[in-house]
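Copied over from Swiss-Prot:
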type	residues	note
BINDING	G328, P329, N330, T331, G332, G333, K334, T335	ATP binding site
DOMAIN	702-777	domain 'Smr'
Amino acid sequence: MNQKTLEKIEFPDIINKLWQKAESFPGKQLALKVRPLSDSKIIEEKLLEVEEGLSYLRFKTVDLSVLSDFSEIFLKLSKESMLTGQEIYRLGQLLKVSKDTFFEISRGAFPRLKQIVKLLFFDEALVKDIERSFWPEGTVKDEASPELKRIRGQIARLKDKMREAVEKYLKEPELAKYLQEPLISVRGDRFVLPVKASYKSQVPGIIHDRSNTGQTLFIEPYSAVEAGNELKTLELQEKEIIEKILKDFTQRLACNLTEIKRTYELLGEIDLIVAKARLALELDAYKPRISENGVLSFKQARHPLLGKKAVPFDLTLGKEFDLLIITGPNTGGKTVTLKTIGILTIMARAGLFIPASPETEIGLFGEVYVDIGDEQSIVQSLSTFSSHLLNLKFILENAREGDLVLLDELGTGTDPREGAALAKAILEELRGKKVKVVATTHTSELAAYAIETERVENASVEFDPESLKPTYRLHIGKPGRSNALYIAQGLGLKEQIIEKAKSFLKEEELKLDKLIFDVEQEKRQLEKAKEEVANLLISLKEKEAKLNDELENLEKTKEEIIRKYREKYQQKLLEIERKGKLVIEEIKEKIKTYEEKNLAKLLEEARQKTKEFSQNFALPFEPIKPYRPKVGETVELVEVGQKAEVLAVGENYAIVQAGIMKLNVSFDQIRPAQKQEKENEKGQVKKAGLELTKKQNFNLELDIRGMNTLEAEPVVEKYLDNAYLAGVEKVRIIHGKGTGALKKFLWDYLREVPFVKKFNFAPQNQGGDGATEVYLK
């Protein structure tokens, strides 16, 4: 893509925004290299990466800003030059970030990001050794080696001994009088005393320095000299040990230089994807549909650099028409519309989300050519018109079928009549090449050309006749008018002057104005008819909704009737069973009292009575099926006795709303909720006992130390849900102190839980700021 084209549609400004969104140095460098692509499959893949980046942003905790410019470090490693402690520590942080990023992305549903992180390199043992051996500023820790720790211990003890040897001069009054000041100074790593020059013989030792006036000599007493010499020896040994440690770590890192460099670059790629996602959030942008059919279909498109000031527009190019001519007055928003078309097309091809509806379709064009703005050149002695002509010449020579051409103020800068004629000829040439064109102009002749020519359409930016200002709204199919006479009339210019001006207009211009007026009239009539149809559709939908409500009410009534009949005949069935038992008991009694010969008669009598009961209490419906709840029905949770509303029903489970919580339960965990006061009274003691048991058995403390935020979230969620159902009023969650990441996650999460009343750090004797007490409603 021509760099000049990218600059004219302000694409570098978008790249600058993307650069700012990247955290790391490699990510920022990659952002500067983002350019439009031509392969639809690659573009689609880049857009899907941004989609994953948006999802990943919700979980991301790893800070990539530690990845600064490592080029000097990599150069030193390639030459096996010894690294400094700070450089080693920075490489350790790179490997740590690599490990954290790997595990963070591996736990989520990010297939494309996973393809990147599976190539990351990290050595956990090496990272631990580096963090054990170096402070962030690069100082080597005592724990780096036992030998270093021993030497530093000796150095510390020796320094104490030297200080004690010198301090005795401050403590003894006879010696203190020889000093200018009662303090100890350091000169060249040696402890010295500020001795008056006249008393130098009274403090035997080595003179290391003198004051500017010569009145003070800085003397190291002989009692401290031997210890000072020993200190120098120990410090040299310390330096040798540190150099050995630095060399060892340099060698370990150099062995993995190729993998480390690759990891650095891959983390930059991940950072770029996340930066694109951040930019999409800032611009309120969405993923466009990419196609190869050469159609541009913008829905609610906005210029990405105008923020809330941008007026959205709809535009489709390549279906009903291939050339669009936008007419209207200057400063009406024509150029902004043209730039919006260009920059959104390029952004989509660069794998960026665009500020437009997700229904927007971006067709791939071979090239995008642009002639926007004033390129008047003093050096080349070119006028505005000449510079436009040179651009147009280049476009006409290079544009091919399937390209997109954006032309601003076509036909201006010269005689209006000749300019319009030239503009028509240019458009005809491009139309013949089957090039897609969007051109802006305030030349009215081009509006007539659009009306008369096949696959050419007019558009205009709306003008408010009351405020006499443009609204920047785009209207497809409606040619624009200059509105000069209308504005003059609205501002109160004399009517005779307006009429005189009209008389100067040529007959062709008046005809053109009438043609535009007639088209506008037809457009208004069509819009009115469209509005009537829309209102009719709304009315039909309202009636349909009303009928659906009535059908739903009828269905509920039907179910209520069936329920009542079932209850009634269930009672009858119980009555049959009761009376049947009485008959059997009666028969048994008679069997005992009657003789054997009467047994047949008694059995026949029993059969007859059973038959009578069956006929009298025949059920008019099918046997009761196993309980299956309906959406909207109130049920009772078997385990806790709490009522809930059914939201959805599956094959053998239901989703219910219990208070402020949504639960997924099987049919055997719920039963119909019936308002039976007696049963409720009987159940009070039982329910209270159940709640008491659940409270007694519930663990009031949860430990999430050692987890990351992804692991901790479902554990905390389930724990709090169970605590709430059990009626627990207060729990304690132990998160530790550490980096503070778990505490931050927990407190952010608790703020969003509706049944959490409040939360705070635990008392000092119960964990302090390493634990959080949570109070439930």
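Don't overthink the numbers, they just go from 1 along the chain as shown.
In case you wondered, yes, glycine gets a Cβ from its N, Cα and C as well.
Note that this is a predicted model, so its numbers are computed, not measured.
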**Request:** Rank the binding-site residues G328, G333 by the number of other Cβ atoms within 10 Å of each Cβ and report the first-ranked residue.
**Result:** G328
**Message:** Using CB atoms and a 10 A radius, I'd like the single residue among the binding-site residues K334, T335 with the highest neighbour count.
**Reply:** K334
**Complete:** Helix, strand and coil residue totals from DSSP for the domain 'Smr' (702-777) stand at 35 helix, 19 strand, 22 coil
